[in-house]
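What TrEMBL records for 29-545 is domain 'Major facilitator superfamily (MFS) profile'. Sequence annotations record features per position, and here TrEMBL assigns transmembrane segment to 29-54, 66-88, 100-118, 124-144, 156-178, 184-206, 277-300, 315-338, 345-367, 452-478, 490-511, 523-541.
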Amino acid sequence: MEGGVHKADKTEFKECFNLTWKQPYILRLAFSAGIGGLLFGYDTGVISGALLYIRDDFKSVDRSTVLQETIVSMAVAGAIIGAGFGGWLNDRFGRRPSILLADLLFFVGAIIMAAAPIPGIIILGRIFVGFGVGMASMTSPLYISEASPARIRGALVSTNGLLITGGQFLSYLINLAFTKAPGTWRWMLGVAAVPALVQFLLMLSLPESPRWLYRKERKEEAVDILRRIYPADEVEAEIEALRLSVEAEIAEEGSIGEDSLPGKLRKALSSVAVRRGLVAGILCQVAQQFVGINTVMYYSPTIVQLAGFASNSTALALSLITSGLNALGSIVSIYFVDRAGRRRLLLLSLIGIVTCLALLSSVFFGVTKHSPAVSKEETQVFGNYTCPAFNPTSGMTWTCMDCMRATSECGFCAHGGNKLLPGACLRSDSTVRDACHANHREWYTRGCPSNFGWLALVALGAYIVSYSPGMGTVPWIVNSEIYPLRYRGLCGGLAAVANWVSNLIVTQSFLSLTEALGTAPTFLLFCGISAVAFVFIFLLVPETKGLPFEEVEKMLESKDYRAWRGARTQESKDHNT
């Protein structure tokens, strides 16, 4: 049994079905651990819809984009700490206790958020959930990988990735289901306690990873678990394979030495292969976030509202499209990643992303340019509820977009007959909103009425279709293949931290950028970053498809190394010189 995360092909899935049918205990192990992936996806996706209703309940949140960003991003900040702490916990106490602790964090975080009386307590709950996300993101696939038969490991680990995107899709469905329930966002956030409790109870009856037990000299326990996982005629061969693998791993670690973390890092960076691998691996992880994916996944309903759909429930329903496409893209990537190659998928993905972000930016430029006017007569219909910044007697001419940008205390009540005709700029509170709805008008506080909303949905959907099979999955695969075996844990950890930090930067800044620059320029900025990422990935990320680890290292050490050349080409050049 080898450690680490493996990819799957279609023959593995067929073999997986056959073996789990004969040995259902394997499926029980994988499913129980995989709930961690479901929770990961749910807790990162649910906030996108819950935020709409948190804004309605807390005016301080509605009027502060920084507070909204903090509520969303604190889970990411917690995940950075959780992933770092989880690595130590996994090695010290085992995979199973780490999953149980992650469940407790998920459960406590969900209860805190559901009962939160003020926004600060919601943020505290998000931090707890973030700790759980960080631990689950690394522990669940590790446990599945180490407790699965080698020949179906890729298929079982891939199901964890599918459960993550499935959890995000489920969060949108749950959000939509509770739009009419009293407490709305409290139910949305609190429901996560249920799968956390289910996984906790299931894991109590499951064993530790046999690989971890073997490394801790608890060999009899490891062998006993292997006898439950494998058919009787395969057990002895797997025990021997596990012994050889662990011995080889310990030998690799011994070649690094017992230095401190800074010492190991210095030793790693002294190798040209590691330096080139780190540049490529970290570049892929940073680019994965800076192309703007989590602006879509965390703020999708808000983006839909910015495109001209006023209703919270409508925004949530339409956002299901992006989440569903993301889950579908994860399935597609399993099919294509070993056929098209990692590098080609990354570059094709970025071409699609640049195109879609350019289209999305154009849509929002159109929304701004064709924003309905603010009418003095329409505004006066509502008496003393006029927006404080709007003075109709001065002769000023405003559009809906001017009303939105003037102050967070103003909203736009669309024309009753045709929402594209001039409407009213009013003070934004629940009384005025209800008065607007009572006149059979739509109430806007994020975007403005337009005929371009459907085009924004098309662009968002195409963006996800472009992103998910390439930039969504390939950076993780590249990072599992590009480092020399003896430094894979260290370098993979550095790349993962770079991914989470980039995620935090994007998540914490998106709404502030839309407020400072406007929605269209913000997406244009992400479009420009994606174009730059294309150039750097073309120049710095090599193809690793089908290469053994030794050959990848040899390629990276080549004196004439160029990322855009194939390994075979570089090998022949080195031979000729």
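The backbone N, Cα and C atoms fix where each Cβ goes, glycine too.
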Same chain, outside the transmembrane segment (156-178) by at least 6, Cβ under 8 Å from its Cβ: which residues?
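Same-chain contacts beyond the flanks: 5-8, 16, 26, 30, 33-46, 48-50, 140-141, 144-145, 148, 184, 187-188, 191, 297, 313, 316-317, 319-320, 323-324, 326-327, 329-331, 334, 468, 473.
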What stretch, picked from 66-88, 100-118, 124-144, 345-367, 523-541, has the most CB pairs under 8 A with the transmembrane segment (184-206)?
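Result: 100-118.
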How about the transmembrane segment (29-54) and the transmembrane segment (523-541): do they have 3 or more C-beta pairs under 8 A, pairs 6 or more apart in sequence?
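No, these stretches are not in contact.
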Among 66-88, 277-300, 523-541, point out the range having the most Cβ pairs under 8 angstroms from the transmembrane segment (345-367).
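Out of the listed stretches, 523-541 contacts the transmembrane segment (345-367) most.
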Are there residues at least 6 beyond the ends of the transmembrane segment (523-541) whose Cβ is under 8 Å from a Cβ of it, and what are they?
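Counting only partners 6 or more residues beyond its ends, the transmembrane segment (523-541) has Cβ contacts under 8 Å with 279-280, 283-284, 287, 290-292, 295, 342-343, 346-347, 350-351, 353-354, 357-358, 360-361, 364, 478, 513, 517, 563-564.
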Are the transmembrane segment (490-511) and the transmembrane segment (66-88) close, by which I mean at least 3 Cβ pairs under 8 Å that are 6+ residues apart in sequence?
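Between the transmembrane segment (66-88) and the transmembrane segment (490-511), which are separate recorded stretches, there is contact, as judged by 3 or more close Cβ pairs.
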Looking at the domain 'Major facilitator superfamily (MFS) profile' (29-545) alone, can you tell me the average pLDDT?
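Overall, the domain 'Major facilitator superfamily (MFS) profile' (29-545) comes to a mean pLDDT of 85.
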